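A.B. asks: Sequence annotations record features per position, and here TrEMBL assigns transmembrane segment to 15-34, 87-114, 126-143, 193-210, 222-248, 287-307, 314-333, 339-358, 365-382.
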Amino acid sequence: MSEGATSTRRRGEPWVWFVVCSIVYGGIGWWLLSRDLIFPDAMSRVANAYYVLFSRDPHLAAIGFVWNPLPSLATLPLLVFSPWFPALASLGAAGTIVSALCGGGCVAVMAVMLRDLGVTSAWTRNVLTGLFAIQALVVLSSAVGASEAMLMLTCSYTALFLLRWLQQRDPWFLVHVGTGLGLAYLTRYEAGASAVAVVLLVFVVGVVRAPRQRWAYGVNDAALAGLPFAAAALGWAVTSKVIVGTWFATFTSQYGNSAQVTSGQASIESVTGSGLDHRLLYLAEQLVHVAPLAVPLTLVTLAIALVRRDTAPLAGVAVFGAVLAFDDLTFALGSSFGWIRLQMAAIPLGLLAMGYLIGVARRRWWAVLLVVALAATTPLGWQAEATPRWGREEALAREVAQAGQYAMQRRVAADLDALSPTDGSIITDVAYSFPVFLASSHPHSYVVTTDRDFAAALADPHAAGVTYALLASPQNAPSDAVEQAYPGLFENGGGVATLAGQWQDARGTTWRLYRFT
């Protein structure tokens, strides 16, 4: 084969991976959705975008400030078509499409990075890429609409151009690095750890490499990498402060991550154990199943890179290693649910270490050994997903699907639609009732928490034209704004309403509709 043909084939490889993986992940996602194997975190991101378009008070700020905006913003163009394709909203399929494309993109970028690391054999490179693509967490995150798929894509993009800057020292690559960091932060907060690590790395490398005026070079390089991230982080924080009155709603809101972890602490510790020692053991168990080779291969890679005075391996460590360290640290400190998907960064971290070792050794037997090792450990991730101790979120999704919770919530929406309610006649807290809202054919009939007149309507339902209140049991909706405004409403009407309807699934999850008197 001619050199030109080989070059064309190499350029085409990532696109093939992108197309094939996106289609496969999307197909798996649809299969899961058709069986109500839905992850509420993923569906809630779709709901945040849906409020912007279809609530009775549509406005961009309805996207909310508890979670980073990019996963929801990415679904907006798809949700425009939800009146004709209701599953885009009612099943959260818009999120699945976005995550499938992100997952396919991440796999494609990994293929490019392996080539840049020196994995010149197409066979080795494609087998490694394929093994990465079928890792349990990669498949699941790409198929269910989880924001981790987008985070891994933006982090992969960042790591790719950081690697190229370390290898070639073209400052234009740092512009891409900064862009990737900014996009990653707008996807998930743990990208902030990557930003700190990357900017520090770029500064140090810039100082060491500069022939003169070392500090100036270091500062300039760090600015190129860090300023886009700083703009994204500051812009998001200031916007949140101006609109909702707090810089970081995920830490201060009653619906934020901190509040959710606090309310669910007993449930978390019933599986993971309490105390730092139990949490560290639990993290180790997860990591051994998700990517058992990641840490040892990364340490070997760093040792070899130190001897060779080679900075290339630091790209993956700074980006993915920082995300992994942040997620594990927050769980160890009791500030995270410790879902197994939060170990996902270990997978690309290990793959890039493997790629570097193969590129450095340039021995076929060494490449075969590492490929076999990765293949042999791949089933461990799938085992972890199927084991309730490690795959707690996945086990809950299976339990909820078997109990018919989402089918019940769609029935709630259909029954309420059958009442022919007027606009703004049903008040509900969509932090919990978003599946009902997404399934409704008449979303304007709901007054929801993102509406700017929600507080006024809640304070005086009759004056606002509100007839009904829809809410879940307090154990399923501990911070429901409607229940908090009218204590005892769910139990007996709280002296202000009478029961108008009740729905329950096989797990006992209960929804009640009350009519204000």
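Cβ atoms here come from the backbone N, Cα and C positions, even for glycine.
Give me the lay of the land around each of these features.
C.D. replies: Panel annotation: around the transmembrane segment (126-143), residues 13, 17, 21, 25-26, 28-29, 32, 96, 99-100, 102-104, 106-107, 110-111, 114, 119, 149, 152, 290-291, 340-341, 343-344, 347-348, 351, 354-355, 371, 374-375, 378, 381-382, 384-385, 394 of the same chain, lying at least six beyond its termini, place a Cβ under 8 Å from a Cβ of the stretch.
For the transmembrane segment (287-307), same-chain residues at least 6 beyond its ends with a Cβ under 8 Å from one of its own Cβ atoms are 135-137, 313-314, 316-317, 321, 328, 340, 343-344, 346-347, 349-350, 353-354, 356-357, 360, 373-374, 377, 380-381, 383-384, 390.
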A.B. asks: Going along the chain, which residues at least six beyond the ends of the transmembrane segment (222-248) come within the CB cut-off of under 8 Å?
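C.D. replies: Beyond its ends, the transmembrane segment (222-248) has Cβ neighbours at 61, 65, 68-69, 162, 171, 174-175, 177-179, 181-183, 185-186, 192, 195, 198-200, 202-203, 206.
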A.B. asks: Which residues of the chain, 6 or more past the ends of the transmembrane segment (365-382), have a CB below 8 A from one of its CBs?
C.D. replies: 119, 121, 124, 127-128, 131, 134-137, 288-293, 350-351, 354, 357-358
